Amino acid sequence: MENRMVTPFDVEDDREQYSLRPTTLKEYIGQKKVKANLDIFIKAAKKRSESLDHVLFYGPPGLGKTTLANIIANEMTGNLKVTSGPAIEKAGDLAAILTSLTDYDVLFIDEIHRLNRSIEEILYPAMEDYALDIVIGKGAAAKSIRLDLPKFTLIGATTRVGLLTSPLRDRFGMLCAMEFYTDEELMEIVVRSAAILNVNICREAAFEIGKRSRGTPRIANRLLKRVRDYCDVKHDGDIDLQGAKAALDLLEVDKEGLDKIDNKILEAIIFNFKGGPVGLETLAYFIGEELDTIEDVYEPYLIQKGFIMRTPRGRVASEKAYNHFGVTKKEEKDNQVSIFNK
């Protein structure tokens with residue numbers, strides 16, 4: 001998965017993307033409902049000279065959760081402190097972060113569903129009362145001291161909202177579902193990023209890149225950079241539709257945004273498991289991927305695009321998946337030959 005061009009996760013090559021991120025809500029493209037709500041809540045908080053209520057962003061990776069956290073910090077004129085659930089190993093780690101904050105600061109915790117439960121409980125008074133409870137001493141001599149915390153905003157991000165405990169989830173004032181972007185929104189993101197990178201690109205080429213970006217801005221920016229490399233070498237540096245298509249075909253990202261691994265999953269269901277249903281564990285074992293990786297990384301897009309369906313008995317290939325390989329269910333049953341052997 002590490003070398004996938006269409007992985008939605010942050011990789012080393014994406015570091016340049018930080019310079020492409022918008023810094024205000026006005027610059028931010030997509031997520032219209034989330035953006036509209038945040039605009040109202042931020043303006044209301046600033047009007048009352050209060051910190052913004054705590055926010056939880058949830059949805060697939062690469063859709064702009066971290067970018068929105070940066071924007072909120074900028075709009076609230078506070079500093080952004082970034083950490084993650086797995087990085088906070090001890091109660092003292094979280095206490096140190098909380099006591100370093102000032103009014104209107106934003107604490108962003110990525111993968112918040114992976115917080116240790118004992119550490120999570122420290123957040124409860126911090127979120128509700130802006131207070132930190134510390135126990136000093138041991139045994140009968142132990143006593144609890146409450147420290148006041150500044151009026152900060154906690155922003156949590158998760159790809160697995162169902163794994164959050166109810167007490168933690170209920171303490172967020174705003175729960176924002178991040179959705180996949182439309183092809184048109186991704187085209188606008190590509191055009192904007194190309195301008196920042198000083199690359200000339202036609203809108204048709206930008207749309208082609210956006211269309212193959214799996215509804216994910218992070219992937220769109222990554223593909224843009226690789227298409228730029230191709231056109232710098234094979235063309236005059238400008239990106240036209242022909243150059244974009246040639247570069248993306250060379251990268252093995254097809255017109256639906258699927259790569260070799262996506263096609264491998266569909267091939268397995270159709271040609272090796274007769275279209276399904278097939279259990280997720282069996283499918284993961286067959287294609288050599290982790291179960292969680294399939295469920296969190298590959299499956300959301302394949303379901304969202306209508307290639308596979310979840311059923312109580314397992315995963316089933318849709319008619320669209322059969323059409324993708326140019327076969328019908330009848331042809332597949334008459335010829336149970338795996339594409340893997342071709």
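Quick reminder: no glycine exception, Cβ is built from N, Cα and C everywhere.
Binding site for ATP per Swiss-Prot: L20, R21, G62, K65, T66, T67, E128, D129, Y130, R171, Y181, plus R218 from the candidate set R214, R218, R222.
Largest Cα-to-Cα span within the ATP-binding set L20, R21, G62, K65, T66, T67, E128, D129, Y130, R171, Y181, R218: 36 Å.
If you measure from the Cα atom of L20 (ATP binding site) to that of R310 (DNA binding site), you get 36 Å. Averaged over the region 'Large ATPase domain (RuvB-L)' (1-181), the predicted model reaches a pLDDT of 88. According to DSSP, Y181 (ATP binding site) is assigned to coil rather than to any helix or strand.
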